[in-house]
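> Take a look at the following structure, please.
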């Protein structure tokens, strides 16, 4: 009997339990996008099925969760135009069902400026909003505007952006744009808000953005559904090109691994993306009929699925605490409160959108965002972490949060190698040198790496200062390694294929993080890689042989007249001598004929011999007069004509003489390397594939292209492989070779000995910029620019450039006399004149000894002006031993001369 009564009691209890099983109702509203293809309805159905099957949620399957789907009153209008209509629709829907909670997406009311959740959340409770819903009582599945802005600003300041464009679609993003504008002065950057509208305007937008030449973009679209189409459009329009850096402000942007592999694999933008940190294993527990993996769901779909599970979790906790479910909320109201509200602030749930938890204001808390960045094949690397609650993060993960980093912790940027920043450079004094190398001898070809202390120069010292700013100012590690590559291997573009080589190729393929050295900024390079702020602006100048050390043809003064001019002048001189001598000998009015009739002395008659005429005309050339002038009119006319002829020839010679004596000084007056084309005897050269060669070969200016083309005409091989080879060729070619390069690199060779025989010429017409180069869009571009600006402001870079890297050089300090004597005519220029004087001295001495010898041996020489008196007997000559015994001169000076001796007529 007892058994029967027990079975009856058990039956009654089970019947009572079955009749008291409870269910609760959650309402779900839909808008223009969320209603499409009933996709979100299926998500809620899948979530409800999962909840109803889980005994932990449904109290041993004795309870059920029911979803009530909203339908617009008009039947087809899913987009409500304004806030009052949206509020009326939500309240009507809530009062018709007696719901325990409501899920509201923002597209219910596109005209509500993205605040649908805030409008409904202030009228009904509890509401889970799938938009920001800032400042409302709703529970927000998305981070608040303030948290999202802090994330953006922290990342932007980490990258040290100085200017960027904020692309948005209005609604809630519009207020964010204003906040960013208000933060400009505080963060020392410049932002340009740019609102997009319809897809029809995308083409004009692309043109406008490209004209602005801004490389940094922050993108945030309130309507998440527009992101896939917008991203595809950016890719097709070239806005995902090499030179851009994009930060996607939306969480979980539609950039899947397949999208990255298929479309963003080669030569694309640098991307920064945000993804919620999800506990491992959550995705495997999800029940869904959606064939797409949950990791590829849009973020709002994940939040929609999680919102239903969060309601179920909150209801379960409430039931466990109170033994029942909360009562349904029958209608909207200003002072409305939900019994479920206090429990929802206690619940924390690991979902598809990360940890789901709320504070007392309904703001989402305790979540963590992983930050990914990179480009091309390196585009899925995690760059850092941003956490909403540092204390919660440390308790949850058992990790100590780094100090002095705020809520953002970014790992040091590494792309080509995970352990250090790979910096490419080229051994180029004084930019980078090796300590164990003598730069007065042949350059080494080794490129092995033995540590940073092995290098010295401007670049190594500059990197030390940059490292200090990174670690002490920006709070980031800057561990780097310098790798040397072949000299002159900066990078050039193949004109046939368009492919690059050298440093540019390494950066373009992201196989290096940074390039440092004499790396010039050119427009062609800027199309494929990025440059930081230049740390040095140099001039392109020309290295020549010092004019005072050039050894020209010693008799170059003769080149003032051409050879035919000299030949004609010599012929004219000979003819004039003969004509003038004949005229003076045979003209009846001249001294010779006049002496025959006693009208002239014998000395006058012998004044115009052939030898004396030649010497007289030579004296006229040098503007020297003669003691007698011709007596006849004909002689005077001839002498005047010769004087005029000599005057013209002398002055034309003297006017032209300076150009030939100081021919080596002409090059000192050039302003531009193109002016070297006016020097016909000078060959022009450059270092092959060096910075200057790259600059001119890539230049589009006609004058620069002319210089490159004529260089090959003047010299079959105008290029040298190394700077040292070029300096050596300048030194050995005796002023006939000029090396065009950067002044900073040429200075070393002019300052070092042993002879100080090299000189730099040219005005600062061509400017070249040296800058660090990075892969396109790399965050190092703006970070190093920030460091360089600080080092320029405090004068550090100027000190490095002016530092004496080679010690006290022999030729570094010129005296005033040495610097001013460059344009002076020196002994080298007058070498031939000295030879002429020396020849005259030697020849005069030789003739002097001949005359003396002839005089004592023969008593007469042809070099004498007048013959020595001879013995009247004709028997040789007599020498007077006693001065008092003078021989008697029996000659008659009135008698006409006897033409016995040739000296009497020549």
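Glycine is no exception: its Cβ is also placed from the backbone N, Cα and C atoms.
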> Starting from the L-glutamate binding annotation in TrEMBL that includes 520, 525, 742, which of 565, 692, 785 is the extra site residue?
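L-glutamate site check in TrEMBL: besides 520, 525, 742, the record includes 692 out of 565, 692, 785.
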> Do you know which of 633-655, 656-678, 702-724 TrEMBL annotates as transmembrane segment?
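So the range that TrEMBL calls transmembrane segment is 633-655.
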> Which residue range, 823-864, 865-906, is the one TrEMBL calls region 'Disordered'?
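TrEMBL lists region 'Disordered' for residues 865-906.
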> Looking at the recorded positions listed here (493, 670, 756), whose Cα lies nearest to that of residue 692 (L-glutamate binding site)?
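With Cα distances computed to residue 692 (L-glutamate binding site), the winner among 493, 670, 756 is 493.
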> Of the recorded positions 520, 670, 756, 811, which sits closest to residue 790 (site 'Interaction with the cone snail toxin Con-ikot-ikot') by Cα distance?
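Checked the recorded positions 520, 670, 756, 811; minimum Cα distance to residue 790 (site 'Interaction with the cone snail toxin Con-ikot-ikot') goes to 520.
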> About how far apart, in whole Å, are the alpha carbons (Cα) of residue 742 (L-glutamate binding site) and residue 756 (disulfide bond)?
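Distance between the two Cα atoms comes out at 19 Å.
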> What is the interatomic distance between the Cα atoms of residue 520 (L-glutamate binding site) and residue 493 (site 'Interaction with the cone snail toxin Con-ikot-ikot'), given in whole Å?
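The Cα atom of residue 520 (L-glutamate binding site) is 14 Å away from the Cα atom of residue 493 (site 'Interaction with the cone snail toxin Con-ikot-ikot').
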> Roughly how many angstrom lie between the C-alpha atoms of residue 756 (disulfide bond) and residue 493 (site 'Interaction with the cone snail toxin Con-ikot-ikot')?
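Here the two Cα atoms lie 38 Å apart.
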> Just checking: which of 493, 670, 811 have a Cα that is within 10 Å of the Cα of residue 525 (L-glutamate binding site), counting only these recorded positions?
493
> I need the most crowded of these recorded positions: 493, 525, 790. Count other C-beta atoms within 10 angstroms of each C-beta and give me the top one.
525
> Just to verify: the residue among 520, 670, 692, 742, 811 with the fewest other Cβ atoms within 10 Å, which of the recorded positions is it?
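Result for the recorded positions 520, 670, 692, 742, 811: minimum number of other Cβ atoms within 10 Å at 811.
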> Tell me, what is the mean pLDDT of the domain 'Ionotropic glutamate receptor C-terminal' (420-808)?
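Result for the domain 'Ionotropic glutamate receptor C-terminal' (420-808): average pLDDT 82.
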> Reported as an integer number of Å, what is the Cα distance between residue 493 (site 'Interaction with the cone snail toxin Con-ikot-ikot') and residue 811 (disulfide bond)?
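Cα-Cα distance, residue 493 (site 'Interaction with the cone snail toxin Con-ikot-ikot') to residue 811 (disulfide bond): 39 Å.
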